[in-house]
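Engineer: Encoded as structure tokens, here's the structure I'll be asking about.
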């Protein structure tokens, strides 16, 4: 992950001020967003489609614009650069502060590029986030679509997957019938909108199936479902031990299936401010032992009490 894109002392001061500004609940100016996106693309374009990551680190799932809960996550998991982070995508949409959320994520990436990995989720795509809230939020907060276009350009540079210590395969969604070897991911051109089918699509859209083996048609309309037998074959063929992914709301914030070899991590508590779920982050130590930490939503004024319920199917 080493890069020649080192920050000057002046740039460090500027980005630190931006991080402080965001944590105080203020949005960046259009010019600040433009400069941030340019610098972020310079850093991200040096990263391969598969990031090789060292432990210890903390793995986090979907955030979905829940900015206050992201701040809570860092309070619980530790601030950068003291803690290394791997985020599995879906930073925007659904929540009301996707602008602040992705601005902070990019600012942290620029400031501590070797301490945080940002993978792409299925919502880091124009076709999706123009429908599910990010576009409208950008327009509402800036009065035009310029900032949205700048952010969506960055989405194309986000890596597609990571492997922790050559043993834990990480992607937003999961596996693909088009992938026998993880090396196939290296050949993809990721700087594009997410295709409607194929390996790149499946990495960001697929879901594990608990009760059936083999491949199945996904109810999402993109990606596939895959069974325990597929997980076992994939891990054996690629000399891996586990799969860590996000993409699905799970009420406890974490779910382990396929003989605990496929782990779903979801890091947006009380998803959409109404689902009543817990969130979770997973710390992985040098011996690859996993320690999960579940947490509730950050306190908010005037927020109604929410009962725990499984919602209608979400993209």
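Placed from the backbone N, Cα and C atoms, the Cβ positions cover glycine too.
Worth saying up front: this structure is predicted, and the values here are computed from it rather than measured.
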Engineer: Considering the Mn(2+) 1 binding residues 62, 64 given in Swiss-Prot, which of 16, 82, 90 is annotated for that site as well?
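Structural biologist: The candidate from 16, 82, 90 that Swiss-Prot ties to Mn(2+) 1 along with 62, 64 is 90.
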Engineer: Out of 122, 125, 129, 213, which does Swiss-Prot tie to the same Mn(2+) 2 site as 90, 172, 247?
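Structural biologist: Candidate in the recorded Mn(2+) 2 site: 122.
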Engineer: If I take the alpha carbons of residue 172 (Mn(2+) 2 binding site) and residue 123 (active site, proton donor), what is the distance between them in whole Å?
Structural biologist: 10
Engineer: Using the recorded Mn(2+) 2 site (90, 122, 172, 247) as reference, state which further residues of the same chain have their Cβ within 8 Å of the centre of those residues' Cβ atoms, listed in sequence order.
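Structural biologist: Result: 62, 88, 89, 121, 123, 173, 204, 205, 246.
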Engineer: So if I measure Cβ to Cβ from residue 64 (Mn(2+) 1 binding site) and keep only same-chain residues at least 6 apart in sequence, which ones fall under 8 Å?
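Structural biologist: Set apart from residue 64 (Mn(2+) 1 binding site) by at least 6 residues yet with Cβ under 8 Å, we have 90, 91, 92, 93, 94, 95, 98, 123, 268, 271, 272.
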Engineer: Beyond the listed site residues 62, 64, 90, identify every same-chain residue whose Cβ lies within 8 Å of the center of their Cβ atoms for the Mn(2+) 1 site.
Structural biologist: 61, 63, 65, 89, 91, 92, 93, 94, 121, 123, 246, 266, 267, 268
